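Enquirer: Encoded as structure tokens, here's the structure I'll be asking about.
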Amino acid sequence: MSSSLIFKLFFFSLFFSNRLASRLDSDDDGKNIYIVYMGRKLEDPDSAHLHHRAMLEQVVGSTFAPESVLHTYKRSFNGFAVKLTEEEAEKIASMEGVVSVFLNEMNELHTTRSWDFLGFPLTVPRRSQVESNIVVGVLDTGIWPESPSFDDEGFSPPPPKWKGTCETSNNFRCNRKIIGARSYHIGRPISPGDVNGPRDTNGHGTHTASTAAGGLVSQANLYGLGLGTARGGVPLARIAAYKVCWNDGCSDTDILAAYDDAIADGVDIISLSVGGANPRHYFVDAIAIGSFHAVERGILTSNSAGNGGPNFFTTASLSPWLLSVAASTMDRKFVTQVQIGNGQSFQGVSINTFDNQYYPLVSGRDIPNTGFDKSTSRFCTDKSVNPNLLKGKIVVCEASFGPHEFFKSLDGAAGVLMTSNTRDYADSYPLPSSVLDPNDLLATLRYIYSIRSPGATIFKSTTILNASAPVVVSFSSRGPNRATKDVIKPDISGPGVEILAAWPSVAPVGGIRRNTLFNIISGTSMSCPHITGIATYVKTYNPTWSPAAIKSALMTTASPMNARFNPQAEFAYGSGHVNPLKAVRPGLVYDANESDYVKFLCGQGYNTQAVRRITGDYSACTSGNTGRVWDLNYPSFGLSVSPSQTFNQYFNRTLTSVAPQASTYRAMISAPQGLTISVNPNVLSFNGLGDRKSFTLTVRGSIKGFVVSASLVWSDGVHYVRSPITITSLV
């Protein structure tokens, strides 16, 4: 498949699937914002805008307006954002030097105890000087520099390699902890309520940055909940904040601009708790493009898998060169007790910080608003309940909804009881609230109709032991991978449920202003910075490792998870639950570099011309460079087959020793009935650091279910280098 055909297929699918959304950027003349991606940066980056202008003049002629070029990408790769008609975009796509042209899309945010739960206590050994020279780039909603998590006491000046800058608008100041801050808002006005510059008034970016690299703050809590010492995975590391997300979302144009700067500024790792609603192919995906060029410069991107679960095919974090992170539970769970007037108590879930008080109790079905009946008001949907009849009462709603949904319609209520079959994570709400099991809510309704003056108390949340943890949470997006079905995604799982971290004092908590320094929220947005912090910690001990080597270390040392709790198996949790300390000394790694990804791209339909534009070198797709997906040196093994089809597939891999001493590893296979898995050779001897050995894994058999899991472990008796083998009929 040629690169131009790839463009045309994705151009039209993207255009029609996003026609309605793209109107947000559309002018009256039918022009929309497009990104023209042209691969590696020019040798003379300062000439990029002249080159781009010449291209546009060829297409639009005398009607060309310089202001239509919204942004030029030139520091780390080559491209521009521009307003075009559909016809103009097609013409540019066919021009020499263009890799892809795609509509600008809005991405979305994927929104303590966690580190101890991971076996990563405050007392772990650290290479303090190395950690202090590492810069974590966070692409998010900005940052709140006044948070105690970003105090720079004891920090030396920024490392000499740092080339970034600090925007100082709206009284924003960097320090020796936050050493860089930029903001991007290309091609559209600032939304009402947004603050120009890198200051975070949403909270999301402050929370993720402090989870990855925040300093130690004792007595951190949310109104008494989660009390303890807040800290990031690498508290001595520096932070560079790139604000790409605003009230209207996270634009492709802004994400690419941030990558362009972050790579050139000198960040060492990128944390990106953002993603698209729909999967896209690699070079019509801003995150895939940015992270590819980051890998070229030795920079790993940790990216949230998304919050679209629990169904299959919901993750949009698909690129093999980035680390896709699922969210899992930890052993602390917040619960909110409810006691009704007859003395019965029920355990619900929420983050409820409000004081305990007894209030009258009413069912939403009994107080329908004008124009509604009880069949609608029972669910408390928007404006369906009578505001005059709920004042000062706890309302029972036979549904559940997020912190910002419908609560304006419940203004004046004293509290809300909701219900859901899925209660594996807790939210904050603007009123005393608890989400009950459906049977407990039914018992509450029976009580209401058994007495003249029913009432209830919603107690402040407490914590209980969650013995089943870690389990991938229901909202975490799942694979398989829609772009390349035999590359397993997500890659790994980390804590993403009910995470306490820093928060701007001006940002809302549960939909209302609470003036707190910390907040408890859930999402793959929260698991992503945990993995960022751990990857950075691994890098402090192994500073010369490639992004792929760090990724391999995390994946092959991850703790296996139980498919009984997550029937989607590896498509829920990837290689398993992260194990920070084991990842520092994995023994062996599956390494990969740019040339490996070029071979992979050749196998995905990109031709020599396309890959040369992307890489800026003499890479080529040849008959001997087929780029079989099963030969990409990936730390997991994926195979998609037809149901009941007999298959016989082989995978080629190469392992690199990262231990100084000689060692011998033996292969151990775990496979269910119906699968025959062999490894040749099944014993590998390494002479020491950097020695490489290759092997072939062959899988034969047939499967009856949707997902069948097996595993390969290489062990020398000390290290256990584990890779999942996942066969699926979900094609």
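Even glycines carry a Cβ here, placed using N, Cα and C.
Take a look at what Swiss-Prot says about it:
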ACT_SITE  Asp140  active site, charge relay system
ACT_SITE  His204  active site, charge relay system
ACT_SITE  Ser525  active site, charge relay system
DISULFID  Cys166-Cys174  disulfide bond
DISULFID  Cys245-Cys250  disulfide bond
DISULFID  Cys380-Cys397  disulfide bond
DOMAIN    34-110  domain 'Inhibitor I9'
DOMAIN    114-584  domain 'Peptidase S8'
CARBOHYD  Asn466  N-linked glycosylation site
CARBOHYD  Asn652  N-linked glycosylation site
SIGNAL    1-22  signal peptide
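Tell me about the setting of these features in this model.
Expert: Same-chain residues at least 6 positions away in sequence with a Cβ under 8 Å from that of Asp140 (active site, charge relay system) are, in sequence order, Leu109, Asp200, His204, Gly205, Thr208, Ala209, Ala241, Tyr242, Lys243, Val244, Cys245, Ser271, Leu272, Ser273, Val274. Secondary structure at Asp140 (active site, charge relay system), taken from DSSP and collapsed to helix, strand or coil, is strand.
DSSP classifies His204 (active site, charge relay system) as helix under the three-state reduction. Packing around His204 (active site, charge relay system) is summarised by its Cβ count: 25 other Cβ atoms lie within 10 angstroms of its Cβ, all protein chains included.
Around the Cβ of Ser525 (active site, charge relay system), a 10 Å sphere holds 30 further Cβ atoms from the protein chains shown.
Long-range Cβ contacts of Cys174 (disulfide bond) within its own chain (separation 6+, distance under 8 Å): Pro145, Cys166, Thr168, Gly180, Ala181.
Cys245 (disulfide bond) falls within a strand when secondary structure is assigned with DSSP.
Cβ-based neighbour count (10 Å, all protein chains) for Cys380 (disulfide bond) stands at 29.
Mean per-residue pLDDT, taken over the domain 'Peptidase S8' (114-584), amounts to 94.
Counting every protein chain shown, the Cβ of Asn466 (N-linked glycosylation site) has 19 other Cβ atoms within 10 Å.
Its own atom aside, the Cβ of Asn652 (N-linked glycosylation site) has 13 Cβ atoms within 10 angstroms in the protein chains shown.
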Enquirer: Using DSSP reduced to three states, classify Cys380 (disulfide bond) as helix, strand or coil.
Expert: coil
Enquirer: Relative to the Cβ position of Cys166 (disulfide bond), how many further Cβ atoms are located within 10 Å?
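Expert: By my count, 17.
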Enquirer: Rounded to a whole angstrom, what is the C-alpha distance between Asn652 (N-linked glycosylation site) and Ser525 (active site, charge relay system)?
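Expert: A Cα-Cα distance of 34 Å.
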Enquirer: Nearest to Asn466 (N-linked glycosylation site) by Cα, among Cys250, Cys380, Cys397, Ser525 (recorded positions)?
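Expert: The smallest Cα gap between Asn466 (N-linked glycosylation site) and any of the recorded positions is with Ser525.
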Enquirer: Does DSSP give Cys397 (disulfide bond) helix, strand or coil?
Expert: coil
Enquirer: Would you mind checking how many other C-beta atoms are within 10 angstroms of the C-beta on Cys250 (disulfide bond)?
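Expert: Step by step: centre on the Cβ of Cys250 (disulfide bond), count other Cβ atoms within 10 Å, giving 27.
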Enquirer: What is the three-state DSSP composition of the domain 'Inhibitor I9' (34-110), stated as helix, strand and coil residue counts?
Expert: 30 helix, 28 strand, 19 coil
